[in-house]
Amino acid sequence: MQITDQEALLRCIEHREIFHDEMLTLFRRIMSGEMSPVMMAAIITGLRVKKESIGEITAAAEVMREFATKVPLTDTTNLLDIVGTGGDGANTFNISTASMFVAAAAGARIAKHGGRSVSSSSGSADALDALGANINLKPELVAESIAQTGIGFMFAPNHHAAMKHAAAVRKELGVRTIFNILGPLTNPAGAPNILMGVFHPDLVGIQVRVLQRLGAQHAIVVWGRDNMDEVSLGAATMVGELIDGKIREYEIHPEDFGLPMIASRNLRVANAAESKTRILEVLANTAGPARDIVTLNAGTALYAAGVASSISAGLQLAREAIASGAARAKMEQFVRVTQELGSKA
């Protein structure tokens, strides 16, 4: 169904839904560079003001997937993305990046999709760069990295070239828009499982329902009540879980897993170098809140990937992967293999 840019803007102003086919049309115009910067800014701001619906987000994500440069993978068994929307303002070390190594060492296959920092002190790409990994592999080499190490990192700008049409508008607006929640929904390797952190409690229910419509297999969407886009140690965590096509919403608490509560300020870092130090401490099995929060998030990831039967079972696997040195070895292998693959390219 066709809709003009002006009609779409009017719908936003009147707080009315833009239907699925109409949203497909609009986002194809954005991603192909056909929409003017003025109309793009007006529409994405209007969507934010009226609050994007589940249907609108789903359609926009479908278009972004359509335009993405894919990673050629045929086997997606136990394949997982661990990703956050960012923007929680917590400035913690890269918990999901550390958790990725632990989960992979315990049997998950990871296709992590991320970028450099926008609002935080260190994005996943910044942390991996600091650890010495090559984050700029071509899609077929990302697939090879997954085959060899069980981990592939997809640097978002390499897979979403069409996003360049929105880049200047997003930068000048300087506020969150629908694009902030689309990135985690558009894994270029088609990972059917996901552990996703979000920056607002309303997004827990929204994103898990979008993932349901997009055909995800096992999705866990989390928001810590201390405003973290991770499973938190400082407060209860709201969870939206999609499994076997059904959605369940509940809360978990660190004490449910025998972990002490600790404020997120104890996990803060100023830059990627500090984040690297924290990650290496965790992988060296240094006791403390950093190890605890990585264990909790890696355990949840292992459950989401279908490797563990529950978060508690995943937690046990994560503990063993860290204590045995397997997680540290996995990180070292990933760094070495990505460097080797990059030098062949």
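Easy rule for this one: first residue shown is 1, then count along the chain.
Cβ atoms are placed via backbone N, Cα and C, with glycine included.
As recorded in Swiss-Prot, the features of this protein are as follows:
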type	residues	note
BINDING	G84	anthranilate 1 binding site
BINDING	G84, 87-88, T92, 94-97, 112-120, S124	5-phospho-alpha-D-ribose 1-diphosphate binding site
BINDING	S96, E230	Mg(2+) 1 binding site
BINDING	R170	anthranilate 2 binding site
BINDING	D229, E230	Mg(2+) 2 binding site
Nearest to R170 (anthranilate 2 binding site) by Cα, among G84, H113, R116 (binding-site residues)? R116
Could you round the CA separation between T92 (5-phospho-alpha-D-ribose 1-diphosphate binding site) and E230 (Mg(2+) 1 binding site) to a whole angstrom and send it over? 10
Measuring C-alpha to C-alpha, could you say which of the binding-site residues G84, S96, H113 are within 10 Å of E230 (Mg(2+) 1 binding site)? G84, S96
Measuring Cα to Cα, tell me the gap between the residue listed as 'anthranilate 1 binding site' and R116 (5-phospho-alpha-D-ribose 1-diphosphate binding site) in whole angstrom. 12
Between D229 (Mg(2+) 2 binding site) and S96 (5-phospho-alpha-D-ribose 1-diphosphate binding site): CA-CA distance (Å): 10
DSSP secondary structure for R116 (5-phospho-alpha-D-ribose 1-diphosphate binding site), reduced to helix/strand/coil, please. coil
What DSSP gives for G84 (anthranilate 1 binding site), in three states, is strand
Write out the long-range same-chain contacts of R116 (5-phospho-alpha-D-ribose 1-diphosphate binding site), meaning residues 6 or more apart in sequence whose Cβ is under 8 Å from its Cβ. G123, A125, D126
What three-state secondary structure does DSSP assign to E230 (Mg(2+) 1 binding site)? coil
To the nearest whole angstrom, what is the C-alpha distance linking D229 (Mg(2+) 2 binding site) and H113 (5-phospho-alpha-D-ribose 1-diphosphate binding site)? 15
By the count of other Cβ atoms within 10 Å, pick out the sparsest of the binding-site residues H113, R170. R170
